[in-house]
Amino acid sequence: MYHVVAATTNPAKIKAIQLAFEDTFGQDQCRIESVDVASGVSLQPIGNHETRTGARQRVMEARQVRPEADFWVGVEAGIEENMTFAWMTVENPQTRGESRSASLMLPETILQGIRAGRELGSEMATITGNAEVKRQGGAIGIFTDGRLSRTSVYHQALLLALVPFHNPIYQNHNNAAQK
């Protein structure tokens, strides 16, 4: 059984990690442990680079907290221009896999709040009256009327980030390129 450390305490992100690992390695093949670690970036990362750095930093911090684990996973949501998205970083002792989620265009009034220094989750809580929105379906769930959620979008991106760990065609071609 794989010991997977989720570098987050957010239930929506933990569920996405659990689903992606189950889909990849099988039901009951992974034990997910949540740890609270710093991202090393701002509370609301702006731009692709800062957001990806946050996901990678979460993995580095989780590795220090639980060095005995088989996998470490960082998920960091960010804003670039008028879009929200997230980076997924998955590592084991030998390999890193990464993927960026789908993006969602945000309304101008929310972007104004973000430009004023507020987090997307806070802005969504204000307009919905739900203080837990970022720990549930997120902006994605609200704006797609529940057709998608943070969990479902992150689940897809995590499946892509896990490709280097299980797909023999990918592994053979990746190893050949490194030689």
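Any Cβ shown, glycine's included, is placed from N, Cα and C.
Sequence-distant contacts (6 or more apart, same chain, Cβ under 8 Å) of THR9 (substrate binding site) comprise SER34, VAL35, ASP36. Swiss-Prot lists THR8, THR9, ASN10, PRO11, ALA12, LYS13, GLU68, ALA69 with the feature substrate binding site, giving sequence analysis as the kind of evidence.
Taken residue by residue with DSSP, GLU68 (substrate binding site) is part of neither helix nor strand, so it is coil. Taken from Swiss-Prot, the feature Mg(2+) binding site applies to GLU68, supported by sequence analysis.
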